[in-house]
Amino acid sequence: MDHRDDSRPEWGKSVSKVCLLPQRVVLVLMGFFSLICAFTCRVSLSHAITILAISNKISNKTIANLTDEAPDGVCQQEVESKDAVEHIGIYTWSETEKGFILGSFYFGYLISHLPGGVLADKYGAKWVVAFCVGVTAICELLSPTSIRLGPYYLITLRVLMGIAQGPIFPGLNGLLSSWAPKKERATLGTICFGGSTMGIILSNACSGLLLHYYTWPVMFYVFGSLSVIWFFVFAIICTSSPFSHPFITPKEREYLADEVGNVNKDKPAIPWKPLLLSMPMLSLIVSQMGHDWGYYVMVTNLPLYMADVIRFSIRSNGFVTALPYVAMWIASLISGVVADWLIRSGKLRLVTVRKLFTLLSAVLPGTFMVAASYAGCDKALVVALFTISMWTMGMYYAGQKLSALDISPSYSSTITAVINGLGSFTGLFAPPIIGLLTPDAEDRLFRGSHTNGESESKSIFTQPSGHSPAFQGVSEEVSHFLRHTR
């Protein structure tokens, strides 16, 4: 069927007249909100665990009774306000046990990437993303029950949530491959993927407030309910391809047909061997693992670090752990616009832009993370250094994160699944390792754990030559890069 034939239903034609935004922007915004739902549910336990577990550190009462300053390596506790709800710890979990509980999510997360990516490439990404967020919502709503039943039930539920969230990034890449024109890709991509950062911001800020004013189960019910609402809205207004959308305007559909084409039409089988053995693919895997180590350390352990080491109050902890991600989100949006401008204006080639933004987001964050661990108990300086660290990490979304779309739009979901899945190994091991390295959670013990693996990302800038036949549909410029760059 010719893409210029207006085959929309009559109700679709009526709806399109009142839509204020292009449907590719609507889809990107729904992708943005899908990651907000996923990450609020993922990160909420990192805050809940700070009040669910009986801390094995020096207690607040002990600190309050000290006449001078706290012992070496222990920061002064920030006093809770009088209107705060009193939370009594339920479990006597050690730091190592906390690490395994928080890390259990990634057992499921790493195994579901590839099946989800393949399903998205083969059958369309819409229902893969919708199903994954829906299951995540159910797991979040069941979290208070699993916590009351015991840690093994909680770990099982977290593994299930991890399985559900694994295919989300590959699915979103599949959607962008059909909806995002090349010259708008960095802007639309950073908006969409910026939802993960905004999810952490909202989870950190809202978790602090909800735990301050209400009992801890309320936090899980709020985040889970909002995810259920997202599921129904997304299912109604979004499609995997612009050619099957019921109320996209003919003008936008023609534009996408000319700029993107139908990447899902007559797609050949996935060439697994050349795909997995190509050097560009291996370079992307290494860079992803380096980035993910630092990112997951921050996502999983920053609330614990601020609560148990720097010793912020519950409400303050929510705000100070959100601030670095506000900076990261703003930086990601700016970098996306700058990257597209550099490409459109011809000032830098697409490949050079991706390399530059990946390099900056790999080297700078780890430097500032280590500096933060040497800031001692200076609360303002610690927060400032972590904020700068995450600001510089925001450029990652205009760099490495979009490489799968550049290399092969037809297989972007599968490529992302492999890269993201292997990168998630760092999320599996980072929390337990940090728990083992920091049994007493003094600031000096965190210095080694904050030594970020992101320097591994530099391997992407020394790729051996070679062009894999797996990357069909690759642009002429990227194809030239894959053949000749060293």
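A Cβ is built for glycine as well, from the same backbone N, Cα and C atoms used for every other residue.
If you check TrEMBL, you get these features:
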{"type": "TRANSMEM", "residues": "21-45", "note": "transmembrane segment"}
{"type": "DOMAIN", "residues": "26-486", "note": "domain 'Major facilitator superfamily (MFS) profile'"}
{"type": "TRANSMEM", "residues": "100-120", "note": "transmembrane segment"}
{"type": "TRANSMEM", "residues": "127-147", "note": "transmembrane segment"}
{"type": "TRANSMEM", "residues": "153-176", "note": "transmembrane segment"}
{"type": "TRANSMEM", "residues": "188-214", "note": "transmembrane segment"}
{"type": "TRANSMEM", "residues": "220-243", "note": "transmembrane segment"}
{"type": "TRANSMEM", "residues": "322-343", "note": "transmembrane segment"}
{"type": "TRANSMEM", "residues": "355-374", "note": "transmembrane segment"}
{"type": "TRANSMEM", "residues": "380-398", "note": "transmembrane segment"}
{"type": "REGION", "residues": "447-471", "note": "region 'Disordered'"}
{"type": "COMPBIAS", "residues": "449-466", "note": "compositional bias 'Polar residues'"}
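For the transmembrane segment (322-343), the most Cβ-contacting stretch among 21-45, 127-147, 188-214, 220-243 is 188-214 (pairs under 8 Å). Three or more CB pairs closer than 8 A are found between the transmembrane segment (380-398) and the transmembrane segment (188-214), so contact between the two stretches is assigned (pairs 6 or more residues apart). Listed by sequence, the residues of this chain that lie at least six past the ends of the transmembrane segment (220-243) yet keep a Cβ under 8 A from its Cβ atoms are 3, 23-24, 26-27, 30, 33-34, 37-38, 40-41, 44, 48, 124-127, 129-130, 133-134, 136-141, 143-144, 174-175, 178-179, 203, 206, 210, 252-253, 256-257, 260, 262, 264.
Residues 101-102, 105, 129, 132-133, 136-137, 139-140, 143, 158, 161, 165, 168, 172, 175-176, 179-180, 184, 188, 191-200, 202-204, 206-207, 219-220, 223-224, 226-227, 230, 233-234, 237-238, 242, 245, 247-249, 252, 256, 299-300, 303 of the same chain sit 6 or more residues outside the transmembrane segment (21-45) yet have a Cβ under 8 Å from a Cβ within it.
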